[in-house]
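J.: Below are the structure tokens for one structure; questions will follow.
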């Protein structure tokens with residue numbers, strides 16, 4: 001019933017485009033015209049669908065491959081080798097879009113250099129009550145309080161196993177897969193939840209992300225404390241190292257932007273001490289920067305998009321310095337242009353991710369970011385994107 005409702009709303013959107021212009025509009029959709037998506041299609045869909053329904057429809061369309069053709073062809077200039085893998089380009093999709101591993105292949109088709117699914121919890125759970133996601137179009141931002149809604153490890157394992165051989169080939173070709181792990185809301189042993197995630201999905205992932213930074217699960221961010229984090233990550237690494245065979249996925253930790261200087265020093269210390277493979281910097285913020293215009297700006301939840309962009313970039317800069325540039329960083333938060341991506345890379349990120357930008361600009365934003373990034377790299381005298389990693393620290 002829910003899918004039929006979404007399908008009907010999508011059909012209504014097509015009708016609104018107008019009979020005479022339908023053919024031309026269809027052409028613009030299929031070819032991924034950036035201006036058409038940003039100025040017409042996405043605003044129209046936002047007017048018809050609430051944010052969560054639009055999200056579900058986007059995942060469904062992506063899973064079916066109903067996407068515009070990726071127009072930008074990745075050049076060798078954008079290739080990155082990090083975390084034990086080749087990345088065809090440094091722009092990935094952040095966790096939260098494909099929570100349940102339903103649309104991985106469609107996301108690669110969209111032009112992403114890597115895909116991160118999740119968060120996935122051990123047992124299925126509904127998450128927080130609806131409504132739980134809110135657009136702030138005036139601010140190019142979104143607030144969400146999904147609360148780790150998840151189909152659970154068993155269902156996601158089945159989906160990933162069905163495409164395991166395909167993913168192995170994609171990874172070899174420079175398109176790795178990450179899985180973001182979370183804990184169940186009612187769990188009394190968080191470390192065991194993450195360990196179970198490693199055991200079940202570790203053999204199917206190139207990277208595992210320990211998400212201890214979502215603001216929408218009570219007590220989760222407390223796991224970023226030094227003692228708690230050391231205990232948790234020690235168990236995660238033990239489980240990872242105990243996986244059968246030669247497959248050893250990289251382990252990364254995703255941290256919040258709302259950290260004190262001491263918090264960041266403690267995280268860097270634990271990461272270096274234990275030999276964690278990488279950091280994802282940052283998750284959504286619970287802060288509300290001055291100047292937000294959206295009517296729903298006071299809703300509870302994590303804020304993503306343009307407003308926390310600079311906070312994310314500064315956190316990348318700090319974590320790069322605290323780890324002496326020896327721990328690869330994936331930068332996420334407010335990326336919607338090549339300039340945004342390059343700022344994070346120069347601050348210390350080896351790779352970047354986006355998600356909220358899809359809400360406002362649609363699939364063509366992926367090619368736009370890559371095209372602009374390549375142009376800026378050339379303009380600033382870099383031969384390869386890897387030459388720009390941490391460049392601000394060498395000035």
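Backbone N, Cα and C atoms are what each Cβ position is placed from, and that goes for glycine too.
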J.: Select one of 89, 128, 211: the residue that Swiss-Prot places in the FMN site alongside 95, 96, 97, 98, 99, 119, 180, 254, 282, 305, 334, 355, 356.
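T.: Given 95, 96, 97, 98, 99, 119, 180, 254, 282, 305, 334, 355, 356 bind FMN in Swiss-Prot, the matching entry from 89, 128, 211 is 211.
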J.: Of 11-30, 31-50, which range does Swiss-Prot call transmembrane segment?
T.: 11-30
J.: Checking the recorded positions 211, 213, 214, 215, 283, which are within 10 Å of residue 254 (FMN binding site) at the Cα level?
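T.: For residue 254 (FMN binding site), the recorded positions whose Cα atoms are within 10 Å come to 211, 213, 214, 283.
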J.: Across the record's substrate-binding residues 99, 144, 145, 146, 147, 148, 211, 212, 213, 214, 215, 216, 283, 284, the largest CA-CA distance in angstrom?
T.: 16
J.: Can you figure out which of 213, 215, 283 (the binding-site residues) comes closest in space to residue 305 (FMN binding site), comparing Cα atoms?
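T.: Closest by Cα distance to residue 305 (FMN binding site) among the binding-site residues 213, 215, 283: 283.
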J.: Within the topological domain 'Mitochondrial matrix' (1-10) only, compute the mean pLDDT.
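T.: Averaged over the topological domain 'Mitochondrial matrix' (1-10), the predicted model reaches a pLDDT of 58.
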